[in-house]
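According to TrEMBL, the protein carries these features:
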BINDING   Cys13, Cys23, Cys26  [4Fe-4S] cluster binding site
DOMAIN    12-286  domain 'Radical SAM core'
DOMAIN    310-461  domain 'N-acetyltransferase'
Amino acid sequence: IAVVAVMCKPHRCPHINFTGNICVYCPGGPDSDFEYSTQSYTGYEPTSMRAIRARYDPYLQTRHRVEQLKQLGHSVDKVEFIVMGGTFMALPEDYRDYFIRNLHDALSGHTSNNVAEAVRYSERSLTKCVGITIETRPDYCLRQHLSSMLSYGCTRLEIGVQSVYEDVARDTNRGHTVKAVCESFHLAKDAGFKVVAHMMPDLPNMGLERDMDQFFEFFENPAFRPDGMKLYPTLVIRGTGLYELWKTGRYRSYPPSTLVDLVARILALVPPWTRVYRVQRDIPMPLVSSGVEHGNLRELALARMKDLGTKCRDVRTREVGIQEIHHKVRPYQVELIRRDYVANGGWETFLSYEDPEQDILVGLLRLRKSSPESFRPELKGGVSVVRELHVYGSVVPVSSRDPSKFQHQGFGMLLMEEAERIAREEHGARKIAVISGVGTRNYYRKIGYELEGPYMVKRLE
């Protein structure tokens, strides 16, 4: 999958109205030292620089980036968008519609008048949009926001959590409570979204022990339990409130070796159904006054784990493509493995095809028996939701089959059949719904699903 990151225009942080200020550690935004950048970016990250070059025009950003990836030799049959640049859902509705419409149009080549039309043409486009990820805050992740995100073809949310402690959220000026985090996780998962949390170790008022405890809580407490995590150790950047605290000696970052230790211990806690998308931000080193001193923090942490004799068993470390690249390992005895856990008021089943000997993951499916509070009319009354279906391995063009590559080998079909069986026999569901990227809807049509609202649905009678 080619990942295309796009940025919306710079706008002020939505919670300035409530708290009078942005978060203590937040660089960027229209009022900052970096005046052309979006909130929480400096304007010097690769993505920001591409966005500024395109004057934040979504159509141009997409076209340029897809062209670039093509020239670098990537297959761009399937594109996943990531919408960055502060809280997208806080922007006015007409701007959001224009933005999303242009993302779909840039792939399909059609000029649409509204989002619904753009999505219809995007379904049949040659370059498929397999998902849109939107970065948001817990307080911009309520019912109306989730419903509009479903209509955009969005499938994954990145929610800024940063800390699970109320006092830290309050003192860093987040402008929302931790209770709001749990509620937004609950609503998002009930609507079928995949939830990725942004977490920041090393915030003010924290210490090593407290940082470790919060991650233990984060993965063990059913009120959190995200599907993915981005781990961003706190950086001190000039122009922020934290920079002032750091300059006057009221805030100290962890020493580099302590940080590597902490990240190693956090990665050892990650359950096998969670994917760690990134460790540390994309901010160029010269802008960072204090914080992470290494560009390859994850690598160092994994090396430290080897010394400690622990293993990171998250999805990304085990997926087949990465194992092939780094360790030249090929899976040979692949079997279906099932893990069940409770999260956010519902019952989650994580199905995967793995080679347990070598601990390699070939494909995965997330199935959820929603809680009774599900607010989408399509999901009322005994419906199970498939929140993610993903077969890893090299990207294969949609029509071809190569016996040594793992995509399009029928693993997806087998996972779907098992999910339907569990929904029918164990959940007692009448129908099963899939939150599908716009471009993958035809795949589900082939196996008997039809579009109902934003979901692909199949009756289980």
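Cβ coordinates come from backbone N, Cα and C, glycine included.
Just so it is clear, the model here is predicted, and its values are computed rather than measured.
Cβ environment of Cys26 ([4Fe-4S] cluster binding site): Cys13, Gln39, Ser40, Thr240 lie under 8 Å away, each six or more residues apart in the same chain.
The Cβ centroid of Cys13, Cys23, Cys26 marks the [4Fe-4S] cluster site; residues of that chain outside this set whose Cβ lies within 8 Å of it are His15, Asn21, Ile22, Val24, Tyr25, Gly29, Gln39, Ser40, Asn173, given in sequence order. Sequence-distant neighbours of Cys23 ([4Fe-4S] cluster binding site) (same chain, 6+ apart, CB under 8 A from its CB) are Cys13, Gln162, Thr172, Asn173, Arg174, Gly175. Within the model, the domain 'Radical SAM core' (12-286) carries an average pLDDT of 93.
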